[in-house]
Amino acid sequence: MLDMKYLRKNEAEAAQRLLDRGVPAEKLQELLALDQERREAIQQVENLKAQRNAVSDKIAYAKRNKEDASEAIAAMQQVGADIKALDSQQAILDDKVQNLAAHLPNLAAAEVPVGPDESANVEQRVWEPVDYDTRPHALGEAPSWLKAHYEIGEALGILDFERGAKVSGARFLYYVGDGARLERAVYNFMLDEHRQEGYTEMIIPIVVNDTAMFGTGQYPKFQDDAYRVAGLAQTYIPTAEVPLTNYYAGETLPSEDLPIKFTALSPSFRKEAGAAGKDTRGLIRLHQFNKVEMVKFTKPEHSYAELESMTANAENILQKLGLPYHVIMLSTGDMGFSAAKTYDIEVWMPQQQVYREISSVSNTEDFQARRMHITYRDDNDKLQLVHTLNGSGLAVGRTVAAILENYQNEDGTVTIPAALRPYMGGQETLTATAHY
RNA sequence: GGAGAUAUGGCACAAUCUGGUACUGCAACGGACUCGAAAUCCGUCGAGCCGCAUUUCGCGGUGUGCGGGUUCAAAUCCCGCUAUCUCCUCCA
């Protein structure tokens, strides 16, 4: 949610910044006109309420003294009716203002490149393992025997998409045997790394209520992509960001505790509405996938430094796994609804010769905190909104996909990255296992 | 799943039957006393949210778990909901 006072006082600037996020200027004009109307209505009804309160006090005083107050009571009957009518009118205006405001995306930070879509994103840096060119699939040089991760997974018998589709539907799968073990090794490794970096590990509810989905910005605008629980005001989470960030909804955090850092593994559920036909094979785009998430609550003056360090925490995973990647800053047109600034980390997928998103790290500034009312007391003891950040650290399935492609060998086996071997009982290689 | 009870400031509680300025204590804050502190005494104290005003003190509205209703007036009466506790049932 944007700050209404900022929008009122800086209409022209706000209109331009919203335009950068793809919101036409009329939306803001409409909002501010309704806001004006609402404030006038409030003044009108509050005057009547002040009058009613004063007269009610007099009535109470008269009653205590056993005096007759029927004249004042009769006079107040009309006032009471007027208040009721004006209150309901104002409730309608409140809803309209709230509804318009709730659909406006966050404003982008000053350094974010302005552009309509991903074409305006700006690459920040590229990383690859020092030994990468000793592997047979360095950037830009894919040998013909190189397979896609799903081909490797099926050949080794560790990813079963067919039975996933049979039992659940398209975009669901089973991990089998070493596949399941590899997935488990990957997320245990990630959680251990983040725990060492000071994140508190959490196990979270995977079903959340509508208030929580509103708080992080998924609702009301993006309900189509969510798995709602039939008949209930609850949703299977699209990301652990929702329960992690809402953990402190409505609370005032002790200033000395900031920043607070959480991490959690969870499944994420997405309908992928509008992605029909895209990435239909493999681990890239599923209705259910595991993700290790990071969330931070910070003071405003530290949030951008914390964004950099959270991005570094995500990059650390890829570096320790020896997976090449680059970091891009998303443009105003490519950022998510709640974000003020976002870095995407994209991992190199050698078979397709493309970078694929494996992490997205965002500072939402006070956008979510305002929706959720998460505050702290500053040095002057004044309540201030915290800043919230979230980032994937990382998408687990896509990490497995990247490992399979980047560590595959010509004989069809896959070398397990050294960092994961302790999590797999010292196992060094994935080889074909029996099918059932 | 069934039955009963509970929900009031930062905390603990009163007022609810019988509608009329939400009690008291602790904590907190300011002051007195003191070399200083403790104790004691005096004073302030409904967090948050909304609107108006703003150099400053401010004024008004809302606010007794949440949402409605009745009433001149609701913590109090009525309806619905949520959470918590106890018992029964079930269960990993």
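Placement of Cβ uses the backbone N, Cα and C atoms for every residue, glycine included.
Annotated in TrEMBL:
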type    : residues                                                             : note
COILED  : A:25-65                                                              : coiled coil
DOMAIN  : A:181-417                                                            : domain 'Aminoacyl-transfer RNA synthetases class-II family profile'
BINDING : A:THR239, A:ALA240, A:GLU241, A:ARG270, A:GLU293, A:ASN390, A:SER392 : L-serine binding site
BINDING : A:ARG270, A:LYS271, A:GLU272, A:GLU357, A:ILE358, A:SER359, A:SER360 : ATP binding site
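Feature map: TrEMBL annotations on the structure.
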residue  : record                : DSSP (3 states)
A:GLU241 : L-serine binding site : helix
A:ARG270 : L-serine binding site : coil
A:GLU293 : L-serine binding site : strand
A:GLU357 : ATP binding site      : strand
A:ASN390 : L-serine binding site : strand
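Between the alpha carbons (Cα) of A:GLU241 (L-serine binding site) and A:GLU357 (ATP binding site) lies a span of roughly 17 Å. Sequence-distant contacts of A:LYS271 (ATP binding site), defined by Cβ-Cβ distance under 8 angstroms and a gap of at least six in the same chain, are A:ASP224, A:ASP225, A:ALA226, A:TYR227, A:HIS287.
For A:GLU357 (ATP binding site), the spatially nearest entry among the binding-site residues A:THR239, A:ALA240, A:ARG270, A:ASN390, A:SER392 is A:SER392, judged by CA separation.
Neighbours of A:ASN390 (L-serine binding site), defined as other CB atoms within 10 A of its CB across all chains, total 28. Cβ-based crowding with a 10 Å cutoff singles out A:SER359 as the top-ranked of the binding-site residues A:THR239, A:SER359, A:SER360. Long-range contacts of the coiled coil (A:25-65) within the same chain: residues 4, 7-8, 11, 14-15, 18-19, 72-73, 75-76, 79-80, 82-83, 86-87, 89-90, 93-94, 96-97, 100-101, 104, each at least 6 residues beyond the stretch ends and with a Cβ under 8 Å from a Cβ of the stretch.
Taking CA atoms as the reference points, A:ASN390 (L-serine binding site) and A:SER359 (ATP binding site) are 10 Å apart.
Per-residue pLDDT, averaged along the coiled coil (A:25-65), amounts to 87 for this model.
For the recorded L-serine site, residues A:THR239, A:ALA240, A:GLU241, A:ARG270, A:GLU293, A:ASN390, A:SER392 set the reference point as the centre of their Cβ atoms, and the other residues of that chain within 8 Å of it by Cβ are A:ILE237, A:PRO238, A:VAL242, A:LEU244, A:SER266, A:SER268, A:LYS291.
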